[in-house]
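Visitor: Annotated active site, phosphocysteine intermediate per Swiss-Prot: 334, 629, in sequence order. Under the heading substrate binding site, Swiss-Prot lists 302, 334, 335, 336, 337, 338, 339, 340, 378. Here Swiss-Prot flags 20-36 as compositional bias 'Low complexity'. According to Swiss-Prot, the domain 'Tyrosine-protein phosphatase 2' annotation covers 425-688. Summarising the annotation, Swiss-Prot assigns N-linked glycosylation site to 23, 31 and lists sequence analysis as the type of evidence. What Swiss-Prot records for 695 is phosphotyrosine, and it gives similarity to another entry as the kind of evidence. The transmembrane segment annotation in Swiss-Prot covers 48-68.
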């Protein structure tokens, strides 16, 4: 626009000059009309021309000034169009270079604490218009750059220690290491002290270690007497390094003067817990080794934030449980040490505030910790996620139980009236029915061609976790089956929850089993119940049967109490292909202990079934377990919920029936469909605890 403005002014000046010269030339007939002979009077025409040209000159001058200013403003803002991710959020390292626009001269808007009883309504209001008010609130936060200096971080010797050039610790809050002899600036690490809700320096927010800063990282952990490390990034995301692996996979490794030995590693569906024994390797050191726990949250997606805050809340509780009261600051890091790190710290602090004051003040707390480390909580989506986590915590609280308290809890549930005039168990289940069914995420299942493949049109998979089949050449919609991936206790997508096959979907069923390498099928319905078809018989009674490119041959059929165990030899042969046939053994566990109406009378049969399935999985490699009843929700959800709950009881001595079922309902609608089925989950857990000693082989 800039070249345009001088050109415009030049042409205007030329026009003005030409107009002035016209007074000295003889006008033509087409220019003038006169009733008198001779030239016109210049005194009458010149003022008229001036009055016409002056407004035009003023207008052009204003336009030129506007375009010049607009051009300058555009230069001041980084063009981020090429850096946008699919959900519109900039990735951490990209955002770090975005220039901040100047604040409104009227000053930042004030946001007040929110009483917890108003939290749900406030979130609803802020979420309207695509979270417009959340964005406004987030954009009103101070950046934190103005309040501090960064002299140490910007020293030439320290620049290579920073993962990102403009994510730096303030001088007044940086973690200071002991100075190493002969090494200038060896007291520097990109890490900052961060306060908790009431506790000063409760956390250390750090960047993910680089290869050249790993030694400094462990030196910091030792010198600060930290017993807990919280890791909120994966080592690589989208093929880019986010954090250097600063621990050995097994055995011991020495980082600088700190020896780190792996003591234990427990992998769960949302996070991994590693235990390290660390000890300084100095000639005159006689200090005792220390135990350090690393809790690595693995469910933060490459883009945006977790789909639900449930996993983060469970993770945060585990951090609180494992961190000793006498220990130094909790070390929290992601990649840059501001976005996910800040989100975690704010949720922790606001949960403490709920306990203490029954209110939250997210805006004030984020503003405060940004004075300690700039850009903490890096995106408006992370900021919104904090509120969602706090609402989840307020609405549902902590429903986790120790196994020793289960019996007392059940007595409370069955005997306590609520303000809804229902017993506690019914009220707990009522909360589950409030989990919203996300119909906007069911587009594929609601296509006309796919609706014909559903037994119950209300029970179809969400798009984000549906099981996808290979597309048949030239045949639309052949990648669809009414089946959802469901997380297990230790492994994501451990189950495939599906309906009982229909006659025209049985080929898709076997394609799913084959393509996803499922060696285990759990069937929780009869082929017919109450004279109604519940499931097409998708296996042969004897010999073999072929569905599409897959042949199923029955090899054995045995009945053990209430479970039929059938072994199938499954053969895949692609027509016209030169490759050899592929074969695989698949075992079906057909549970006959579920009555046509209601629930099983006792839990032992379900415990036996889960134990048998787990044993089969250990022998075949833990590929997805195919689970179905008729619609793929009620009994299917109950089996999966109990599998996850009992696995946790064995591993941790803890259970959370409510959150286990709630998590399933977020992955497939109507999982654990009735109050009876929900109560049955509690009953089976109680039976399992009572007879636990008889099931040592369950492990």
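Glycine is no exception: its Cβ is also placed from the backbone N, Cα and C atoms.
Given the structure is predicted, the values throughout are model-derived calculations rather than measurements.
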Visitor: Near the Cβ of residue 378 (substrate binding site), how many other Cβ atoms are there if near means within 10 Å?
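Guide: Other Cβ atoms found within 10 Å: 24.
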Visitor: Mind giving me a neighbour count for residue 337 (substrate binding site)? Other Cβ atoms within 10 Å of its Cβ, every protein chain shown.
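Guide: So the Cβ neighbour count for residue 337 (substrate binding site) comes to 29.
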Visitor: For residue 629 (active site, phosphocysteine intermediate), which of the recorded positions 302, 334, 335, 337, 339 has the nearest Cα in space?
Guide: 302
Visitor: For residue 337 (substrate binding site), what is the secondary structure state per DSSP, taken as helix, strand or coil?
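Guide: DSSP assigns residue 337 (substrate binding site) to coil.
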Visitor: Could you state the CA-to-CA distance between residue 334 (active site, phosphocysteine intermediate) and residue 378 (substrate binding site) to the nearest Å?
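Guide: Here the two Cα atoms lie 12 Å apart.
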Visitor: With substrate as the bound species and 302, 334, 335, 336, 337, 338, 339, 340, 378 as its recorded binding residues, calculate the greatest Cα-Cα distance and give it in Å as a whole number.
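Guide: The two farthest binding residues have Cα atoms 16 Å apart.
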Visitor: With an 8 Å cut-off on Cβ-Cβ distance and a minimum sequence separation of at least 6, pull the same-chain contacts of residue 302 (substrate binding site), or say none.
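Guide: For residue 302 (substrate binding site), the qualifying residues are 237, 238.
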Visitor: For a quick check of packing: other C-beta atoms within 10 Å of the C-beta of residue 335 (substrate binding site), how many?
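Guide: Cβ-Cβ neighbours of residue 335 (substrate binding site) within 10 Å number 25.
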